[in-house]
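**Q** This is the structure, below, for whatever I ask next.
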């Protein structure tokens, strides 16, 4: 525990992104990534930082993926690039409602 609460005095909070899943949530529902965070904390509890990084790497990666969605965005980017390539080659024509050419609604 630091002698002075420097983060609190400066009005910044560096570790909020790791703790926001454990905070009380509105309407009493668990946060989206709460289960992944719980697995990561339970795995690393009592191991120490160095050993926990080595032994709980999978749990930590799952938790970070749930929080930041990096693998999901990379996959979506690859799918969109492939779609654009297929459109350019003439192998795929997107539906009209994807191109903004749908019929006007009454």
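Note that Cβ sites are derived from N, Cα and C of the backbone, with glycine treated the same way.
Nobody curates TrEMBL annotations by hand; they come from automatic prediction.
Residues or ranges marked as disulfide bond by TrEMBL: 33-66, 43-56. Here TrEMBL flags 84-106 as region 'Disordered'. Residues or ranges marked as compositional bias 'Basic and acidic residues' in TrEMBL: 94-106.
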**Q** Roughly how many Å separate the Cα of residue 56 (disulfide bond) from that of residue 66 (disulfide bond), to the nearest whole number?
**A** 16
**Q** Could you give the Cα-Cα distance between residue 66 (disulfide bond) and residue 43 (disulfide bond), in whole Å?
**A** 17
**Q** To the nearest Å, how far is the Cα of residue 33 (disulfide bond) from the Cα of residue 43 (disulfide bond)?
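**A** Here the two Cα atoms lie 16 Å apart.
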**Q** Give me the count of other Cβ atoms within 10 A of the Cβ belonging to residue 66 (disulfide bond).
**A** 17
**Q** For a quick check of understanding: among the disulfide-bonded residues 33, 43, which residue's Cβ has the most other Cβ atoms within 10 Å?
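**A** Result of the Cβ crowding comparison: 33.
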**Q** Within 10 Å of the Cβ of residue 56 (disulfide bond), how many other Cβ atoms can be counted across all chains shown?
**A** 19
**Q** In the region 'Disordered' (84-106), how many residues does DSSP call helix, how many strand, and how many coil?
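**A** Helix, strand, coil within the region 'Disordered' (84-106): 9 helix, 0 strand, 14 coil.
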